[in-house]
Ligand code: ADP
Ligand code: ARG
């Protein structure tokens with residue numbers, strides 16, 4: 001299945017040469033709509049893309065050439081999607097708002113699409129007390145944010161040239177980092193398959209095996225203009241042209257959430273002096289997928305909870321009550337291994353960065369307590 005997907009991907013990107021062709025893509029809209037409207041799906045796309053919404057949006061286009069087809073392609077081709085929608089470009093969030101607003105409100109559980117100004121928390125106490133002082137439960141901690149370059153489209157509309165341009169800009173900015181954050185860029189175009197696999201196995205590097213992202217255009221032109229930057233001890237990383245133009249990541253072994261968070265905030269503050277990110281007052285930072293908007297922040301721990309793992313229903317309930325999302329340890333759509341889960345904050349929009357961190361921190365505290373109490 002995975003091999004077949006990769007070979008489909010190779011022929012697709014060879015034939016496309018990573019160029020967007022809006023005309024051609026416009027023309028697959030009726031077919032996508034047929035699949036979506038006639039198929040069964042529990043996705044937010046199916047729920048909110050009513051006939052009325054479709055009719056209203058079907059002929060609209062963003063300034064960069066994004067269409068409704070670009071927004072719904074993944075969810076129409078993958079009826080098993082949970083969300084199923086991606087934005088064509090930053091402006092797409094307004095052009096296609098009759099679809100995107102209800103999807104955003106539904107996912108982030110808010111009554112209105114609005115977002116507070118960026119706030120990383122009180123300067124003097126960005127730290128958090130140790131979550132797991134004995135190191136019994138937390139294997140590692142990771143906090144990431146997504147960012148998009150202002151003025152550039154998202155993957156289905158981007159050309160190879162635009163991706164290259166964004167890669168060059170980002171490398172130039174990353175190369176100005178100093179001290180602990182200073183590092184080097186490793187291009188996916190020149191990395192050996194062994195180096196790539198090792199980085200994936202160690203949880204640092206992204207893959208290209210997500211069919212939903214692939215169908216959204218996320219792997220167009222792969223592996224061109226993709227790569228990873230990291231510092232010597234791999235505690236600060238930047239993904240270039242994975243799902244988002246940019247993902248800034250801070251991670252380390254153990255449960256020192258404060259140290260991980262402070263490092264990320266310091267990197268963001270330095271990089272935003274060199275780069276301009278797509279931002280809207282209503283949505284916060286704009287990303288390809290509506291699930292990542294706003295703070296774009298996902299703070300996770302890999303946590304060992306063997307007792308709770310025996311009763312996933314209980315674990316899932318604690319997660320839901322605390323607005324947390326459990327994942328497997330090899331990333332989204334993977335399973336837990338040996339009672340270890342990736343657990344993170346679920347909400348990213350409608351709250352500040354600091355509040356998103358607190359949601360994760362307080363929820364994980366409860367999970368540790370529940371594991372201690374479990375038989
Ligand atoms: P994201 O959407 O945040 O990029 P993914 O679920 O795609 O997350 O995971 C990306 C990679 O990060 C995977 O290799 C995953 O195992 C790794 N990862 C996520 N959280 C942690 C963590 N707390 N510690 C170590 N690795 C992690
Ligand atoms: N499009 C996928 C779905 O609808 C993933 C959504 C969230 N994940 C992401 N990586 N953006 O289920």
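Just so you know, glycine gets a Cβ as well, placed from its N, Cα and C.
Residues annotated as region 'Disordered' in TrEMBL: 1-30.
TrEMBL lists 9-24 with the feature compositional bias 'Polar residues'.
TrEMBL lists 25-109 with the feature domain 'Phosphagen kinase N-terminal'. Computed over the domain 'Phosphagen kinase N-terminal' (25-109), the whole-number mean pLDDT of the model equals 96.
TrEMBL lists 137-374 with the feature domain 'Phosphagen kinase C-terminal'.
If you look up TrEMBL, you'll see 140-144, 203, 247, 298-302, 327-332 marked as ATP binding site. Around the Cβ of residue 143 (ATP binding site), 26 further Cβ atoms fall within 10 Å across all displayed protein chains.
In the structure shown, across all protein chains, 327 is the one of the binding-site residues 327, 330 with the greatest number of other Cβ atoms within 10 Å.
DSSP classifies residue 140 (ATP binding site) as strand under the three-state reduction.
Taking a C-beta cut-off of under 8 angstroms and a sequence separation of 6 or more, residue 300 (ATP binding site) has the following same-chain neighbours: 141, 142, 143, 327, 342, 343, 344, 360. Around residue 247 (ATP binding site), the same-chain residues at least 6 positions away in sequence with a Cβ under 8 Å from its Cβ are 144, 145, 146, 147, 238, 239.
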